[in-house]
2 protein chains.
Amino acid sequence: MKIVNTPEEVRKQVALWKKEGFSVGLVPTMGFLHEGHGSLIKKASEENDKVVVSVFVNPIQFGPSEDLASYPRDLKHDTELVSECGGDMIFSPSPSDMYCEDFCSFVDVENLTSGLCGAKRPGHFRGVCTVVTKLFNIVQPERAYFGQKDAQQLAVIKRMVRDLNVPVTIVPCPIVREADGLAKSSRNTYLSSEERKAAVILNKSLKKGLAALTSGERNAEVVKNIIKDTLNSEPLAKIDYVEIVDSSALAPVTNINSSILTAIAVYIGKTRLIDNFTFNL
Amino acid sequence: MKIVNTPEEVRKQVALWKKEGFSVGLVPTMGFLHEGHGSLIKKASEENDKVVVSVFVNPIQFGPSEDLASYPRDLKHDTELVSECGGDMIFSPSPSDMYCEDFCSFVDVENLTSGLCGAKRPGHFRGVCTVVTKLFNIVQPERAYFGQKDAQQLAVIKRMVRDLNVPVTIVPCPIVREADGLAKSSRNTYLSSEERKAAVILNKSLKKGLAALTSGERNAEVVKNIIKDTLNSEPLAKIDYVEIVDSSALAPVTNINSSILTAIAVYIGKTRLIDNFTFNL
């Protein structure tokens, strides 16, 4: 497994690959990889000749009171997983490899970023769009792979790609879950064993919401209340948001008559977890 | 001369060129081309196998009270000039080819855009950076050519390219002037014959400022006052700004001890004209 740290090294290797006619896939990650990331890397290696996995805890997408310093890191384990899943190169830059001191250029997607996670995390998606733009420009992949767990991120990146004519195909990949239904997340490692048990309530509540939808309920408020009531039944859970929005513009929906995204963010103790499902009409 | 209107048509042609191993240069313009643009196209055709000239009056870089509707257009003459100067394709999209109704993604360069023209034209450089990003992504050129007349634009684009790892080499091209020294500009066409004569004061004032610098003056205020006094001697001229800033960060300079940009914006009647020079120490 080749691990490189600078944009120049990535460009050099990718240029050699492209000279040989190889297609290149990119899996952007913040590291501490789990089976969810593994599924993206596997899909990327099925669809491309070469796969670059970026491992970078991107400082500009964290708010001042967020977990940048404590965000888990384990490049040794990441390297093993990338190798097992068929990746060809890890790009693991330092913050100074990515942002020089007088860095001042940003990519911003409006509208889609004002609600859901964006409402509580000002600047988060600007940080995400900026680093993803940089990664796309450094790697110049044919395809890039994003997990549907970060549903708003996926919608925002898709919009950015459409609006700015970015020459990369975005490939969404399904959420990977633990046996009990909890969505895989690097942040699950923050949970105590008691909290870990309680965290199953996220997926459980979404299942109840989905059941209401499949049995014909079309009032978003009713569905949201079913989810909220379920979440509130768990003493360790504190709701951040429960929202039903349209799948592409992410605007709140009152009556469900098109494809929607149901997204939740919930604190389990001090750990903020997210989960979602889409429902296509 | 091939004229295409949609991003898809550009991509298709450029892909064919790249398959044949041709290098591609891009000259982004707002049309109504003059010899200044001609010099960019000539340089691009010297340095690349194929040259794309975009002709697009970009609505999102005009303020509400600016001259979007009246901005001069002449695609027939543009086509002749592009052909004479060695261009291979004109990309002339309509606003709806570039911006769909729910467009909401923007590229922003901070700091460098707060002064000079940016101070009076909020959102202007955001519009420029966004459209240039789109054009780069559509054409994917090796090199792109920008005139030094728009000195702040050039500095902003260079910063954007550096910060976002944009895989395009920016080639600055010198200002082309009329016989009497007036910098060529599509906006010169707005001037009455009396105003046209008065407009020579811009270059005249800069020459006096440069003379002071070359004879050793290092106090920016003194140099600016020489320029201002010259401009004020012309009754039809109204100063918008006269600034001396450092060449790369565009921060105002008090004592001149490094490379600087001296930039002016002046109303001649209702027409706002710009000019500048750089002075390297």
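In case you wondered, yes, glycine gets a Cβ from its N, Cα and C as well.
Note that this is a predicted model, so its numbers are computed, not measured.
Positions annotated as ATP binding site by TrEMBL: B:30-37, B:147-150, B:Val176, B:184-187. Marked as active site, proton donor by TrEMBL: B:His37. Residues annotated as (R)-pantoate binding site in TrEMBL: B:Gln61, B:Gln153. Feature annotation from TrEMBL assigns beta-alanine binding site to B:Gln61.
Within its own chain, B:Met30 (ATP binding site) has B:Val55, B:Phe56, B:Val57, B:Asn58, B:Tyr71, B:Ser186 as residues 6 or more apart in sequence whose C-beta sits under 8 angstroms from its own. In sequence order, B:Val176 are the binding-site residues from B:Gln61, B:Gln148, B:Val176 with a C-alpha within 10 Å of the C-alpha of B:His37 (active site, proton donor). B:Ser186 (ATP binding site) counts 19 other C-beta atoms within 10 Å of its own C-beta, drawing on all protein chains shown. Mapped onto three states, the DSSP output places B:Met30 (ATP binding site) in coil. Residue pair B:Gly36 (ATP binding site) / B:Gln153 ((R)-pantoate binding site) shows a Cα separation of 15 Å. Between the CA atoms of B:Gln61 ((R)-pantoate binding site) and B:Val176 (ATP binding site) there is a gap of 23 Å, rounded to the nearest whole number. Sequence-distant neighbours of B:Gln148 (ATP binding site) (same chain, 6+ residues apart, CB-CB distance under 8 A): B:Leu154, B:Pro172, B:Cys173, B:Pro174, B:Ile175, B:Asn276, B:Thr278. Taking a C-beta cut-off of under 8 angstroms and a sequence separation of 6 or more, B:Val176 (ATP binding site) has the following same-chain neighbours: B:His34, B:Glu35, B:Gly36, B:Gly38, B:Ser39, B:Gly147, B:Ala183, B:Lys184. Within the same chain, residues at least six positions away from B:Leu33 (ATP binding site) with a Cβ under 8 Å of its Cβ are B:Val53, B:Val55, B:His77, B:Asp78, B:Leu81, B:Val82, B:Ser186.
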